[in-house]
Ligand SMILES: Nc1ncnc2c1ncn2[C@@H]1O[C@H](COP(=O)(O)OP(=O)(O)OP(=O)(O)O)[C@@H](O)[C@H]1O
């Protein structure tokens, strides 16, 4: 497994900053922190300690136990570990915090401060209890007073620019501050929050990630509805709005309509404004959403009404939100106070222009919204910063916080570790990839910081801006005239101290207070997102090139106990038999030989050219069936053609016999006879009833056959398991045949009788619990045989000719598959659906990462956009294969009963 951590080097003295190093750790699953700690210390330049007992690592203020396995909390992707001392910046939640103050807008937005103590001062000074980096805020601007009963009052500390409380000037005498009321100081807006939202459940996967359940269903609120038109008179508050209001503002919405119509209207406007603020969450709410993770994390799938709509700041806006800016004669009380100023990125992208520091703060706030509200499977992010006018180191530093965002992971086969373009070559590569994506499966937001770096990149960006690629550019420049032409909207940072925004585009707004967040805030948010994974398999990605069956089966550390536990959970009948083969683009790829919904006759035909991966697919299928069912209920008969292709499976306890038909014609003849006898025997035994029905009846009465145990079934083929145990309920039998076409060749001495027996299995076997899985290298020879006719599950791996592919899966696409991806193919299911898939491997050597000593290497953000170093499959040259490992565990599980 690989995970990314950050190690903080101890400070050189009190008050000195701690230096941080991001590292990539590669280690076998289950490696304890103690086995890594010396290497982690070495990565930050602390040498000397030879033993882990001298290296102490902390997560926040807590020391991490050396026995904690890597990949388990707190050692998750994105974790920040401090060496030798607790993290001096650790933000432990103070016990007994009475209230939470959130900075909901402005140039230093996003802060979430748990209030404790009696008096809390807000101001620009670093001495303030809540410091705000806002030039319009006085050094000590205002103070909050917490009473013992939890109520809060606020008063101005004689600030230069004054304070507004819900739009009204705040005096120096204390006034009550209810939760949700907006305090405006300088260009910043702060509010007291109500009770924190319920965190979503997460499940650690042991590999450094936390699986998050699916997002809550989106609010039923088509864009542009409800809050945009105030009710003419204040009716009773709709229940949805009331709950929004009380959740947002933390105070009870009015229940009785006030008599005064002007007051009614004002209340209606307040409700609309609150609903809009909830709809487009402020930076503080986003941070909490990521840290929770909160209920709104990844709520916006592509069909969500607010997908790709971003908030840039807040302004008092007219109620006609869909229309133009406030008419000059609009009465101030007709405006919705401090509502989000939003832009639809899908309407031609967005340009942002202004002084660099603030510009980056605004861009960070924008990416935070996109990545907290949109799931990585529904939105990709590409970040390009290749403008030669800025030093490469500076560019990398400006965007290094984003390396933790899961939306930057390449999921469409892009040749890089992360979707960064931090030099002209990387930028060109990213833009070319976007242009070349023939059928983009989801939207991409492309952030381009300054000039994209080269003429070719500029041309590519211009083409993307012309549309048609599901790519939505967000371009940053110091001045509006440096932005590329063709953007749908432009926001220009204005004001003496660059804290305001003027938006040009379909919905122009002047004098908005912009939202900007600090790099430290953005990094905290991105780190919180780093370990999170959607629970559903990440869809819309490309089909992977290499897969390990044991990983797909969640048996990366395979033990007899895990297998026994699986078998113990099986139903008491043999109603199902399914084999996991690999993955499609969206899901696992499974072949079902039996289940309650399928007719009884299920057989499989696999075809493909030489080296396409047929034999490996058969081995994967056999191993997968073995994991899924106990050996006393499922037996395998393996018939290999030329060569020992299936012999590697001989150690599976389910294998009754392995036959090398070409090498042993006599045994082939006996096997053919035994197979026909088996069919006859079952027909007599079942008396017309299908296997599953008969078995269900018998299972209660019969003594279950003892597992076939650990006896390897190598050497000359024994009769199938079921034949040998004629008096016991026969297990389901799967006959796996490689090189079926060879059996049909005229020169094959054993071929004809065996082919006849297989034809009988194809015709009569399925109902009797005997299934056939046959592989053919020459579909033109096997077409029209009983085996071909009976196969409802059909697979074409790479074929030499379109016609072969057509014979197998009735589409010719398999002929276009490249040589370089053995195991890639098309599966035609009984319902006629054809899916591209990749077969998982079972005879790979155990990956090096499973056995090697852990490695810790420093991460360089500037290199993350380059192709990862390609190594041949990292396997132990002469170590055991996954199949050997699995077979041994299966034998022990079978032996333990
Ligand atoms: N699913 C897979 N993933 C990765 N590599 C694979 C996969 N399947 C096969 N290979 C690689 O391709 C090579 C050929 O595979 P295999 O022997 O299964 O092909 P085949 O179609 O049976 O070939 P032949 O017809 O010559 O017997 C294997 O040695 C293996 O290295």
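Using the three backbone atoms N, Cα and C, a Cβ is placed for every residue, glycine included.
Bear in mind that TrEMBL entries carry predicted annotations, made automatically and left uncurated.
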Suppose you had to name the range TrEMBL annotates as region 'Disordered'; which of 139-159, 160-180, 244-264, 265-285 would you pick? 160-180
With TrEMBL as the source, identify the stretch among 197-243, 291-337, 338-384 annotated region 'Disordered'. 197-243
Which residues of the chain, 6 or more past the ends of the region 'Disordered' (160-180), have a CB below 8 A from one of its CBs? 99, 136-138, 141-142, 144-145, 151-154, 186, 191-194, 248-251, 274, 337
Let me know how many other Cβ atoms fall within 10 Å of the Cβ of residue 612 (ATP binding site). 27
Take the mean position of the Cβ atoms of 608, 609, 610, 611, 612, 613, 614, 615, the recorded ATP site. Which other residues of that chain put their Cβ within 8 Å of it? 777, 797, 798, 822
Confidence over the domain 'FtsK' (585-806), expressed as mean pLDDT on the 0 to 100 scale, is 84
Long-range same-chain neighbours of residue 614 (ATP binding site), Cβ under 8 Å, sequence gap at least 6? 606, 607, 608, 738, 775, 777, 797
Looking only at 608, 613, which of these binding-site residues has the biggest number of Cβ atoms within 10 Å around its Cβ? 608
Count the Cβ atoms, other than its own, that fall within 10 Å of the Cβ of residue 611 (ATP binding site), considering every protein chain shown. 12
Where does residue 614 (ATP binding site) sit by DSSP, helix, strand or coil? helix
